[in-house]
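Q: Attaching a single structure in structure tokens format; questions to follow.
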Amino acid sequence: FCGPIVTLKVFEDNVLIRNFLEEKGNGRVLVIDGGGSLRCAILGGNPVVHTQNNGWACIIVNGCIRDVDEINGCDIGVRALASHPIKANRRGIGGDKHMHVTMAWTRICDGEWLYADTDGILISKIELSM
């Protein structure tokens, strides 16, 4: 999976994620910095199915997801730290979009390119020829 990056930063609340995924993906990759929280899942199967149908290429989550079997059946790539059965809050208490995030000691910015497979993830400032 690969594409240009769009970033979100949230913490244990998925309202901004769900709203953002309503947009057309146009082959982009959504990188969500969930603060590395392992206390709840900020993304589940229903939004991923909708995201796949909206043209997103991949979702990377610095946090947990749920409905893993449903997500694995989708054509969109999803990578996360772990799975968790508890849903995130839906309080809509903020978050940021289109800002740099840091995950695994790597600064990730809107417009950079992400390449992912089952072995790992690569970030590039420019599109790479494949």
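Cβ atoms are placed via backbone N, Cα and C, with glycine included.
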Q: Among ARG28, ARG66, indicate the single residue that TrEMBL lists for the substrate site containing GLY44, GLY45, ASN46, PRO47.
A: ARG66
Q: For the recorded substrate site, enumerate neighbouring residues of the same chain (Cβ within 8 Å of the Cβ centroid of GLY44, GLY45, ASN46, PRO47, ARG66, site residues themselves excluded), in sequence order.
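A: In sequence order, the nearby non-listed residues are ALA41, LEU43, VAL48, VAL49, ILE65, ASP67, GLU70, ILE71.
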Q: Do me a favour and check the Cα-Cα span between GLY45 (substrate binding site) and ASP67 (Mg(2+) binding site); whole Å is fine.
A: 5
Q: Looking at Cβ-Cβ distances, which residues of the chain lie under 8 angstroms from ASN46 (substrate binding site) while being 6 or more apart from it?
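A: Set apart from ASN46 (substrate binding site) by at least 6 residues yet with Cβ under 8 Å, we have ASP67.
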